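Visitor: I'd like to ask you about the structure that follows.
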């Protein structure tokens, strides 16, 4: 079977065969968070999406340099060139230093990403640590004639750029329409056109974060950092740039313009974008009173939640939808994910109970594996892989019920199948095992109690046997008598 990965390229609007620029090496850049608030579902989705890509590329034996930036300067409250810096505003409101705000929310972000079992990137550069490089990039764009200085700020000349290149190539935006529909706003009087975007902004005396530049004391525009840092760590040409669909315009469109203006070429071979998260059918946002951060999800403290959901349930919920589809959060959907994941983990843990009953296989685990690889190669189709995991679960349950006979090879292939797809590639952790380092001792203690119960039943000491079962039930254990003795599991 050919193992060829196809990914959807936003730039071309079609799935394309992935071919790395350099043999067995991949450069991957993903836009990370602006760290001024609690990490939420909108942060989890791109992190998990590109974690899956990172894991699979490594599985395919690529050496991956994965760069995910941290925005800690330049992202204004309007998401364009107006308003206050989001981090500076938070610092002012809470009477903190800006880097205190950054460190606090970055720690929270790392904590939640670790809980979601998101692998750390190879490099996690901060925008504020690359001011010199950003100033150098501005100089290059000015020298090429695609930017202009105005009142201490520097703006990218979109109209001039578009005469030679195509501004809007990634997003499908038409510059003529933008020029006709974009009104001139207060605070943009230094621009030649309202659609021009800032490369450098002159700071007011009250602006907390500002640096010395050839044009003024100020700060870089939001779009500049990713062009600068991707170039520094991955070179002028690299394989994949990822992020949320909300970044296609203007952020990623502006990144392309900056790269082309400074170097003459686009610099990225594949653009990948994950879709958005909605809550009960509505866009998530504080103004809609449907904002749920990840800590609230994990501890159940948001009023929209009827219970808490552990991080692996949240990860599994996100992976049940293809990354390019919108995913709608609801308690009903999370509860279904919790139940489904529990079935898969239980089946995996039950494989150890299986024994070979035949030498002639009646199941095709290798076929499931091949179809799952095909699904991964088809633009990371995780929902299809999950459907095959449920198919493997049915085989395990059928074998436990003595309705299907398995060979020794079948049993090993089932173990390998769950290990590769559920744990290695989808990144699920069996939380029952990892939550408590003394799990094995705990399980042995339960087994010992149930062995004592079996002995009590053999001695017809029914009251004592029932007491053990009833007490375990109260503690959250589900006990089932079998022909071979007993089975148990945690029911809550």
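For all residues, glycine too, the Cβ spot is worked out from N, Cα and C.
According to Swiss-Prot:
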type: BINDING; residues: 31, 226, 251, 255; note: Zn(2+) binding site
type: BINDING; residues: 286; note: ATP binding site
type: MOTIF; residues: 33-43; note: motif ''HIGH' region'
type: MOTIF; residues: 283-287; note: motif ''KMSKS' region'
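How about a rundown of where these features are and what they're close to?
Guide: DSSP assigns residue 226 (Zn(2+) binding site) to a helix in the three-state reduction. Taking a C-beta cut-off of under 8 Å and a sequence gap of six or more, residue 226 (Zn(2+) binding site) has these contacts in its own chain: 29, 31, 69, 251, 255.
DSSP assignment over the motif ''HIGH' region' (33-43) gives 3 helix, 2 strand, 6 coil.
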Visitor: Fewest other C-beta atoms within 10 angstroms of its own C-beta: which of the binding-site residues 31, 255 fits that?
Guide: 31
Visitor: Over all shown protein chains, what is the count of other CB atoms within 10 A of the CB belonging to residue 251 (Zn(2+) binding site)?
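Guide: For residue 251 (Zn(2+) binding site), the 10 Å Cβ neighbour count is 19.
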Visitor: Apart from 31, 226, 251, 255, which residues in this chain have a Cβ no more than 8 Å from the mean position of the Cβ atoms of those residues at the Zn(2+) site?
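Guide: Going along the sequence, the neighbours come out as 223, 225, 227, 241, 243, 247, 252, 254.
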